[in-house]
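In what follows, a single structure is set out as structure tokens and then discussed.
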Amino acid sequence: MGGYELVRSEDAPALAVDLEAGIGGGGFPKRGGGGPAKRAAAAGASPAPARQRLVSLDVFRGITVLLMIIVDDAGAFIPAMNHSPWDGVTVADFVMPFFLFIVGVALALAYKRVPDKLDATKKAVLRALKLFCLGLVLQGGFFHGVRSLTFGVDLQEIRLMGILQRIAIAYLLTALCEIWLKGDEDVDYGFDLLKRYRYQLFVGAIVAITYMALLYGTYVPDWEYQTSGPGSTEKSFLVKCGVRGDTSPGCNAVGMLDRKILGIQHLYGRPVYARSKQCSINSPQNGPLPPDAPSWCQAPFDPEGLLSSVMAIVTCLIGLQYGHVIVHFQKHKERIMNWLIPSFSMLVLAFAMDFCGMHMNKPLYTLSYTLATAGAAGLLFAGIYTLVDLYGYRRPTFAMEWMGMHALMIYVLIACNILPIFIHGFYWKEPKNNLLKFIGIGA
């Protein structure tokens, strides 16, 4: 997507954005023909001002990348930094929805003007396919580990869903909404946004209602699974359910639909509920099974499954509406107020739902979790925007800005262990004598 100028703010310098909607931030500059200034000079016209990125969005993305790295490393020994074993949220549980929220904001800016809807649709589909395929390679089991130095995956057991796959799905559906479902009404007040983008809001409502109907209305029968024990001996387990509307780890509709549609062999093999009190004597850390552990403790469960990814689309659509505020409102105060009001409203509603029994749950991506994380993302984005784009505190956030501009590269190299695997791959005679040991870090 090319660079699209943002609406000028009356109390700040003109701002523009050049970004590729998605986890990686900016797109690649096009070669050939020179920049806008050169083309304008050649035509005898005054050069247009150089395009700049929306810095606060890059900083927000960079903070999320840093948070992702921290929770991956610190979560093993700091429970508050690890994902919640089931109900409830921790710091780690905000990373995924923050990325989805950022994708939505970026899409509103990237698709501010769409001269050719069919061409834009084609590019969005291709972009989503590339992101999905990249996720299959990185998280499908192709790379076997940092120290194994082997690769390859049996297609009968490849993990089909993952972080990038979920982002690709949410990106595509949100991009299609922004390309095709926009009204032409003028926007003067916050409620005018609801009128102009009512069809997008309707899609979000239908998605959320469908999710709730499936989660609480689907009958989950008893089911079986097998695990391979020591000596490659297989053990079979029977999980007794026969319930409807259950949100426990073993008998929820999210896991059942993944097992039926994707196949249990294609799901994530180290479920987060393995750290719960029912499944680990060292909870909230991994540990041996208690004597009375439920039969579902060792069953695969994908935290980025199909039904839970449906609600990820809602998070992305919420971010899209926050991006519309930037496009349509000129003053900083208007923008910030139109972010704060829905953010606080979503947080209040989320805690009310949690209090009434519809708990915040990341593996299921419940509606209360969706609202809580989107509200938190809105507040954080408003705060970063105030500091960076309103008051101009660029220097303290430079590192976060850089990380936000290279988020996809950092995710691939560090979060997906590609860089550690690369470093361990160069060794002297034995794999333990690798580059890390050579520079004194150890094998």
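The backbone N, Cα and C atoms fix where each Cβ goes, and this holds for glycine too.
What TrEMBL annotates here:
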type	residues	note
DOMAIN	53-176	domain 'Heparan-alpha-glucosaminide N-acetyltransferase catalytic'
TRANSMEM	59-82	transmembrane segment
TRANSMEM	94-112	transmembrane segment
TRANSMEM	124-143	transmembrane segment
TRANSMEM	163-181	transmembrane segment
TRANSMEM	201-219	transmembrane segment
TRANSMEM	306-327	transmembrane segment
TRANSMEM	339-360	transmembrane segment
TRANSMEM	366-388	transmembrane segment
TRANSMEM	408-428	transmembrane segment
- Item | Stretch with greatest number of CB pairs under 8 Å, the transmembrane segment (94-112) reference, 59-82, 124-143, 201-219, 339-360 candidates | 59-82
- Between the transmembrane segment (408-428) and the transmembrane segment (124-143), are there three or more C-beta pairs closer than 8 Å, counting only pairs 6 or more apart along the chain? yes
- Message: Under 8 Å between C-beta atoms and at least six residues away from its ends: which parts of the chain pack against the transmembrane segment (201-219)?
- Response: 177, 181, 194, 243-245, 247, 252-254, 256-257, 307, 310-311, 313-314, 317-318, 321, 364, 366-367, 370
- Task: Run through the domain 'Heparan-alpha-glucosaminide N-acetyltransferase catalytic' (53-176) and tell me, per DSSP, how many residues are helix, strand and coil.
- Result: 80 helix, 4 strand, 40 coil
- Message: For the transmembrane segment (163-181), I need the partner stretch with the highest count of C-beta pairs below 8 angstroms, choosing only from 59-82, 124-143, 306-327, 339-360.
- Response: 124-143
- Intrachain residues whose Cβ lies under 8 Å of the transmembrane segment (339-360), provided they are six or more past its termini: 87-89, 190, 247, 318, 321-322, 325, 366-372, 374-379, 381-382, 385
